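Novice: Got a structure for you, questions after.
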Amino acid sequence: MFSTAGRSVKSGLVAAAVVSSWTWAATLLQSTTVAYEYGISGPFFYASGATVQIILFATLAIELKRRAPNAHTFLEAVRARYGTTVHVVFIVFCLMTNILVTAMLLTGGSAVLTSLTGVNTVAACYLLPIGVVLYTLFGGIKATFLTDYMHTVVIIVVIFIFSFSAYATSDKLGSPGAVYEALVAAGKSHPIEGNAEGSYLTMRSKEGGIFWIINLVGNFGTVFLDNGYYNKAIAASPVHAFPGYVIGGLCWFAIPWLCASTMGMTALALEGSQRLSSEDVTAGLVLPFAAVKLLGHSGAVCTTIMIFMAVTSAFSAQLIAVSSIFTYDIYQAYIDPSAKGKRLVWVSHMTCIFWAVAMASFATGLYYAGIGMGYLYLLMGVIISSAVFPGAMTLIWKHQNWIAAAVSPPLGLAVSLIAWLVTTKTQYGVFNVTTTGSNYPMLAGNVAALLSPIVISPALTFIFGSQNYDYETMRAIRRVDDSDASASTDPELIPSELNPTTQSPAQEDDETRKLNRAALYSRTLTIAMVFCFLILWPIPMYGSSYVFSKKFFTGWVVVGLLWLFCTTFGVVIFPLYEGRESIVRTVRLMGLDLVGRGGRRKAIVGMGEVNQNGESENVSGVQTPVVEKEVLAK
C-alpha cells in the first residue's frame, strides 16, 4: 500500500503526478538556460526532447500491467524473467538514475535559493529534503500523488503570472511585439553562431540541434530507468494507466515550452549590455535573473516558490522509487524473503531517511567540486542510457536472453565513456569540467550509450540463442501484504490488496481484454504523437532556416498560452472531476465528525466506493466485497 496506493489511482491524478514528477528544477531552469543560449528553438527542443519519453512510456506502462500485474517495481519483473545477475545489473543502473536525478534537483534548487535569498548553499542542500521526507514517510505514494497535484497547481499559476506579465501587463515589455523587437536587437548586438542569420528567432540552430539529441537520449534513461514512473503505472488502475501517461505527457509539454519561451526571451530582452556569466548560466540562474528583471521582488518570491515546488515534488517521487527498490528488490529479495507488513514499511521509511541524508551530502560535494545542474543534465545519458533498450525489451521482446540483458548495459556504458572522453581529448586536448561538459563530447557519449545496446543485445541474443519467454514467471509475482501497517496508520483505509483473490475468472478476462485493447491503442497513438513532436513539427522549420516574423512569433506565444490552459484543465480540473464522488463523501464525513455524529469507519476498501449492495466499487471497475462495512456511530 505504501508503494502501490491500492493499484487504483485514476487517470487524471496519474497525469497530475506524472507532470509534477517530470517537472524537475531542470525543467524550469535548464529549459530557460537553453532559450537564453540558443534562442526560440531551445524551449521547443527541450520540451519535445523530454515529452516523447513520457508518451512512449505509456506503452511500457500497459505492458507492465499486462505482463506483471502484481509487481511492486519494474525490477521485480526483471528478476522474475532473468534471475539474480540481471536483477543486480538493473538495480545498479536504476539507482544511478535516481542518484543523478536527485543530485540535479538539489544542485539546481540550492543554487536558485542561494541566488534569490542568500541562504548558504550547503544549508539549502540539507533543508530542501526535510519536509519531503516527512510527508512521504507518513503517506507513502498516496501522499506524493496528492502533494504532486498541489505542487503542479502552484507551478502552473506562477508560469501564468510570468507569461501574462511579459506579454501583456509589464511596463518594461508588455506585448509579444515588444519582446520580438528586443530579440531582434539582441540578435544584432550579439548574434548566435550557428543560428540562421545569427537570430534568436529561428528554429535553425546548430548548437540547439546538438542539445536536442543529447536531451532526447538522456531523458530516455531518466524515464525508462526511473522506478518512480513504474510506481505510478503500478498504482494506476489497469484501465487508467495508459490515458494517464498520455495526458500527462501532452500536458507537461506546455510547462517548459512556455516557461522557457517567456523567461529565456525576457532575460535576453532586459539584460542590456551586462550579459550573464557562463558560470551563472550553467548553474541555471537565467530564470531567477529574468524574474527579478521582470517583476522585481515579486519575481524573486514567485521563482522561489516555483522552484521549491518543483524540487520537492520530484524529490518525493525519487524517495518512493528508491525506497521501493531497497524494500522489494534488495531487502525482501535477498535479506528477508518472508518479510511483510510493518517490517516492509519500516524498511521503506529508513531508506527514505538514509537517501535524503546521503544525497544532500553528495550534492554538497558536487557544489564544492564546481559541478552544477547543467553539467549533470548533459551527463546523465552517458551514464544510464545504455540500459534503456535491454530494459524495454524485457517487457516487449520475448527473445532477449539473460546474457544480452546482463552484458549490454555495462558494455554500453563502457562504450559511452570511451566515446565521451576520446571526443573531449581530440577536441580540446585537456580534461576539465568545461571541456568534458561541452556539446560535442556529450553528444558522442549520449548517442553511444543509447545506440550501442541496440547492436549488442540482438547480437548476443543471436549468438547464445533466443529465450522465447512466455511471461508466466512475471505473472506469478505475488503481491506482498503491507496492509497491517497501512491499517494501523490509517484505520479508515483497508487496502484492496488485503484480499488479492477477489476477482472472478470473468472479471480477470474482462480486465485482460481491456489491457490488450489499451496496448493496441498505445502503440498506435504513441507512434503518431512521437512522429509529430520529432519530425512533423520541428524538421520543416529547421530545414527551411525560417526566421520568425512578428506575427508568427505572436502566434507562437498564443499557442503556448492556449496549451498551458489545456494543461490546467488536464491536470488541475480533470482530476477533481474524476474524484468528485470521493471528495463529496470525504467532505460529508468530515462534517459529521465536526458535529460529533461521526465514528470509526471501517467500511472503505482501498480507494474505492461502497455501493448500496454492500460491495466496494474499486476505481478500476472491478467490484470487491467489503471487508468490514459497519460504521460505529457515537
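Note: Cβ is positioned from N, Cα and C throughout, glycine not excepted.
The region 'Disordered' annotation in TrEMBL covers 485-511. Marked as transmembrane segment by TrEMBL: 12-32, 44-64, 85-106, 112-137, 149-168, 242-270, 305-331, 343-369, 375-396, 403-423, 443-465, 552-577 (among others).
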Novice: Given the transmembrane segment (443-465), which of the listed stretches 85-106, 112-137, 149-168, 343-369, 403-423 has the most Cβ pairs that are under 8 Å apart from it?
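Specialist: Stretch with the highest Cβ contact count: 403-423.
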Novice: Does the transmembrane segment (44-64) reach the transmembrane segment (305-331) with at least 3 CB pairs under 8 A, where each pair is 6 or more residues apart?
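Specialist: No; fewer than 3 Cβ pairs under 8 Å.
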Novice: Go through 85-106, 149-168, 305-331, 552-577 and flag the stretch with the largest number of C-beta pairs under 8 Å relative to the transmembrane segment (403-423).
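Specialist: Maximum Cβ contact count belongs to 85-106.
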Novice: Cβ under 8 Å to the transmembrane segment (375-396), counting only same-chain residues 6 or more beyond its ends: which ones?
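Specialist: Non-local partners: 26, 30, 59-60, 63-64, 67, 74, 77-78, 81-82, 89-90, 93, 96-97, 100-101, 103-104, 107, 214, 217-222, 224-225, 282, 366, 404-405, 408-413, 415-417, 420, 433, 437, 439, 442, 445-446, 449-450, 452-454, 457.
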Novice: Pairs 6 or more apart in sequence, C-beta under 8 angstroms, 3 or more of them: is that satisfied by the transmembrane segment (149-168) and the transmembrane segment (242-270)?
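Specialist: Yes, these stretches are in contact.
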Novice: Which stretch from 12-32, 112-137, 242-270 shares the most C-beta pairs under 8 Å with the transmembrane segment (85-106)?
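Specialist: Result: 12-32.
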Novice: Who are the chain neighbours of the transmembrane segment (305-331) in space, where the CB to CB distance is under 8 Å and they lie at least 6 residues beyond its ends?
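Specialist: Hits for the transmembrane segment (305-331): 2-3, 17, 20-25, 27-29, 72-73, 75-76, 79, 87, 91, 94-95, 98, 101-102, 105-106, 108-109, 112-113, 128-129, 131-133, 135-136, 140-141, 143-144, 147-148, 151-152, 154-155, 158-159, 226-228, 231, 339, 344, 347-349, 351-352, 355-356, 480.
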Novice: If you count every Cβ pair below 8 Å, which range out of 112-137, 242-270, 343-369 shares the most with the transmembrane segment (12-32)?
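Specialist: Ranking 112-137, 242-270, 343-369 by Cβ pairs under 8 Å to the transmembrane segment (12-32) puts 242-270 first.
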